Amino acid sequence: MRLLSLLTFSLFAVIGLAPAAQAKDTLTIYTYDSFVSEWGPGPKVKENFEKECDCEVNFVASADGVALLNRLKLEGSKTAADIVLGLDTNLTTEARASGFFAPSGIDQTNVKVPGNFKDDIFVPYDYGYFAVVYDSEKLPNPPKSLKELVEGDPAQKIVLQDPRTATPGLGMLLWMKSVYGDEAGAAWQKLQKRVLTVTPGWSEAYGLFTKGESPMVLSYTTSPAYHMVVEKTDRYKALAYPEGNYLQIELAAQTTTGAKNPLAKKFLAFMTGPGFQDVIPETNWMFPAGKTSKPLPAAFDALPKPEKTLLIPPYEVAKNRRLWVNEWLAATSR
């Protein structure tokens, strides 16, 4: 019995002296839900970066880009986020003013987007143009302009996203303001008759559309490429409007917390190269903003090209966003 006790003690002593398994360094990325879905870029981006960094990537999802910024403001300096991925240029002035983001410190030579957007904090990773996407089997004669969309048949419904939580919803708000100016409130009143519902994020809206709940949805000119490549159908189409289509440039940035984690800067640099950019066209269904190692899928050649690009300067969006959201609320709640 005494011998057994001695052997047992010796075994625990050896275990206690054995070196603990080395825990991998972790990078926490806040992003939107469609990015981390099984069909989104997240899984492949995670796999590619983890091979390069020998680390663990932890994605934390919110409904959409505006919700990401709102969450970070609530968490403040106590946030667990090293990187926030999914903001866009419409939010940069407000995000910078929060004081929760740090300069990227990376070379952005490979980054190229319409308008040559450059920023010391916010790094573009993709871009696209907002568009009305429609089901050609249910709607053979869709609205051919924003004016026709606003003033058309109320029986032909569209699903939109909330500008308070979703960057596409904010994009639609700014699209309407770009075209209608001071008459945007009146235009929203007319359009409201066609709105089936307003969802918190893009995923919910597009899901309702593909389930047949509505023949139209606010999405991107690139969205039909998914259906062409994956589903082998050209049933779903996007529209380029003569008034122009509103541009979205999606961005990522490291937080002030993340700036203390060397993996954050490493990820931002990785994001501008093929390991990230090659994943974007056929998972996020947007145009890549950085260096790729292969051409775009052939389906992208069939997509409509905007006749005019619309984009309100970030400082003007920051100055007026609350006012314009209230205008939308007042017009659509009547």
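For all residues, glycine too, the Cβ spot is worked out from N, Cα and C.
According to Swiss-Prot, the feature signal peptide maps to 1-23, an assignment based on sequence analysis.
Marked as thiamine binding site by Swiss-Prot on the basis of similarity to another entry: D64, G65, A166, T167, W202, Y220, T221, T222, S223. Taking Cβ-Cβ distances under 8 Å and a sequence separation of 6 or more, the neighbours of T221 (thiamine binding site) in its chain are G128, Y129, F130, A131, A238, A240, N245, L303, P304, K305, P306. Secondary structure at T221 (thiamine binding site), taken from DSSP and collapsed to helix, strand or coil, is coil.
Mapped onto three states, the DSSP output places W202 (thiamine binding site) in helix. Residues D64, G65, A166, T167, W202, Y220, T221, T222, S223 are listed as the thiamine binders, and the farthest two of them sit 19 Å apart at their Cα atoms. Counting only residues at least six positions away in the same chain, the Cβ atoms of A63, D64, G65, V66, A67, T199, P200, G201, W202 sit under 8 Å from the Cβ of A166 (thiamine binding site).
Counting only same-chain residues six or more apart in sequence, the Cβ atoms lying under 8 angstroms from the Cβ of S223 (thiamine binding site) belong to A131, V133, Y206, Y236, A238, W285.
Under DSSP, D64 (thiamine binding site) is assigned to coil, being neither helix nor strand in the three-state scheme.
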